[in-house]
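Copied from Swiss-Prot, the annotated features are:
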- Asn235, Met264, Tyr293, His329, Ser349, Arg350, Gly351, Asp390, Gly391, Leu392, Arg393, Glu429, Tyr456: substrate binding site (BINDING)
- His433, His497: Zn(2+) binding site (BINDING)
- Cys577, Cys580, Cys585: [4Fe-4S] cluster binding site (BINDING)
Amino acid sequence: MSSRKQARLEAKQFIDTLSVQPYPNSSKVYVEGSRPDIRVPMREISLADSLIGGTKEAPIFEPNEPVRVYDTSGVYTDPEHTIDLYNGLPKLREGWIEERSDTELLDEVSSVYTKERLEDETLDDLRYGNLPRIRRAKDGQCVTQLHYARQGIITPEMEYIALRENMGRAQYRDEVLNQQHPGQSFGANLPKDITAEFVRKEVAEGRAIIPSNINHPESEPMIIGRNFLVKVNANIGNSSVTSSIEEEVEKLVWATRWGGDTVMDLSTGRNIHETREWILRNSPVPIGTVPMYQALEKVNGVAENLNWEVMRDTLIEQAEQGVDYFTIHAGLLLRYVPMTAKRVTGIVSRGGSIIAKWCLAHHQESFLYTHFREICEICAKYDVAISLGDGLRPGSVADANDEAQFAELRTLGELTKVAWEYDVQVIIEGPGHVPMHMIKENMEEQLEHCHEAPFYTLGPLTTDVAPGYDHITSGIGAAMIGWYGCAMLCYVTPKEHLGLPNKEDVKVGMITYKLAAHAADLAKGHPGAQVRDNALSKARFEFRWEDQFNLSLDPDTARAFHDETLPQESGKVAHFCSMCGPKFCSMKISQEVREYAKDTEQVAADQAISIKMLDDPLEGMRQKSQEFRDTGSELYHPAAYAEVSD
């Protein structure tokens, strides 16, 4: 069997047999809002008790508070739910949408292309079988979260988001968990407690968006904005040469398990429509697309043959399926194309290159630009956010921050104001390849010219010498621009520039970018961002190995790396790891010095002797070393200790 067929078979088996897969030592908890149907999921990580004294026979333990973390995995990690990918996820937001009474159910789909696909019996085996009815705004109504926010309405989605962003941090009482360094926020407004009113205000002023198509009620509300947690997008999608519907659904579930806040389906191969339907019906996170890719497929890949009619039908098709945000490359103008002539890598954006080719072939501005107001009208009927694409982003560090890139950025700022006239939510896409010392300028230019609309960047990659490791070079840039104020980071996988990512590549890209986003939150001083770090550091110092694994971004890999060299069960309670071994573990020695100093200080006080030598850490180390050799060093807790701690 070929590797292609094998991959598809394995993915099909995954879909057919998928069951709930909770994280290790974690439970799904729900925080309730002001009404019973607002239940916000979080992952609660249970921790072992800390040994604080006593004897081997009668140890004294102190409990550690469980730690709650942001959870994007949906019901796929909820033991109370039965997974059935053929019937999709629960329609969480359906009741909220219906009670607003500003939408209506359609008797049939509006897109000509969708009608053709539904009538094609050869697609029956591929088609998602439980198709929902289509919903659209009633005549004269606008159904966007931006519209509601500007009317002063706090929607259930906004309350849900406020609870989600706070992550229950008010419950922590441990001083160790609550300590946090002040950050440098570069002007971001980071309140200690996020309220539903704060969410409404940020959305109303265009500084944040809530991607929430009325035809994707399965999605759990989330927010993108620089005054909130930095988010991460995962790209999936087939190509003309590889992948299948089963594999893309598998990637979706995998990406959300590892922290994907949104997912973009960038499919460019066969059966794009059917692939997207499967993804939407099973996605707990917002789904984005680049409609241009499918429009190009409809004209057999000939860019010059694209036109507004094809594009319009594609937008309606995808909006009625439930796509939450569209990447629209409307800012690439005809006069900007010559600016790229002397670039090292020219135009590297797929969407950008398509538009540039069309503009040159017709010698006029693209239909995305000339029909932008009509695009906004379509988006307003379904609450599809617009992600204004950077078709002229630099594809090499040599081209960073050039005339073409910033000319397009200014046009994106102008289009942002147009979209806001229609109460359509907007985010701005950014680079790309930018060396570290030039990253901050990108954030400053975007804030100035795009009126503080959320920024969403691909990296940026800080060097061009890392094929196979572009997730690392881009993760560096992502952490920096996230710190400066970027609201969402688009992940890069190890396969960037080399091939279509597989399931494992998706995980590596996600973990790398969750790390970058978290580092940015810490640097900004986002309230509560340090709780997880503090909990893990405390577990590390106390040799609570299982807690270290479970608090990490990737418990499976952390555990595997540890067990690779210390596989025995005794290794789980060892006071060292294979990096330093028993004689050179800094934390073990530090613990011993701390205990010795505490004991000696007490003796010194009782006997009224000088304790000057205690101020000399070397003297303390020498004395402790002698004691260590005289009494022998016990490297493991006895089994009884382990049983009690468990």
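Placement of Cβ uses the backbone N, Cα and C atoms for every residue, glycine included.
Between the binding-site residues Gly351, Gly391, the minimum number of other C-beta atoms within 10 Å of a residue's C-beta occurs at Gly351.
Cα of Gly391 (substrate binding site) to Cα of His497 (Zn(2+) binding site): a distance of 17 Å. Residues Asn235, Met264, Tyr293, His329, Ser349, Arg350, Gly351, Asp390, Gly391, Leu392, Arg393, Glu429, Tyr456 are the ones the record ties to substrate, and the longest Cα gap between any two of them is 20 Å.
Across the fold, the C-alpha of Ser349 (substrate binding site) and the C-alpha of His433 (Zn(2+) binding site) stand 12 Å from each other. Secondary structure at Asn235 (substrate binding site), taken from DSSP and collapsed to helix, strand or coil, is strand. On its own chain, His433 (Zn(2+) binding site) has Arg393, Pro394, Gly395, Ser396, Val397, Asp399, Ala400, Gly459, Pro460, Leu461, Asp464 as residues at least 6 apart in sequence with a Cβ closer than 8 Å to its own Cβ.
For His497 (Zn(2+) binding site), applying a Cβ distance below 8 Å and a minimum sequence separation of six or more within one chain yields Pro467, Asp470. Counting other Cβ atoms within 10 Å of each Cβ, the binding-site residues Tyr293, Tyr456 show the lowest value at Tyr293. DSSP assigns Ser349 (substrate binding site) to coil in the three-state reduction, outside any helix or strand. In this view, Ser349 (substrate binding site) is surrounded by 24 other Cβ atoms within 10 Å of its Cβ, with every protein chain counted. DSSP assigns Tyr456 (substrate binding site) to a strand segment in the three-state reduction. If you draw a 10 Å sphere around the CB of Asn235 (substrate binding site), it holds 23 other CB atoms from the protein chains shown.
The secondary structure of His433 (Zn(2+) binding site), as reduced to three states from DSSP, is extended strand.
Counting every protein chain shown, 27 other Cβ atoms lie within 10 Å of the Cβ of Arg393 (substrate binding site).
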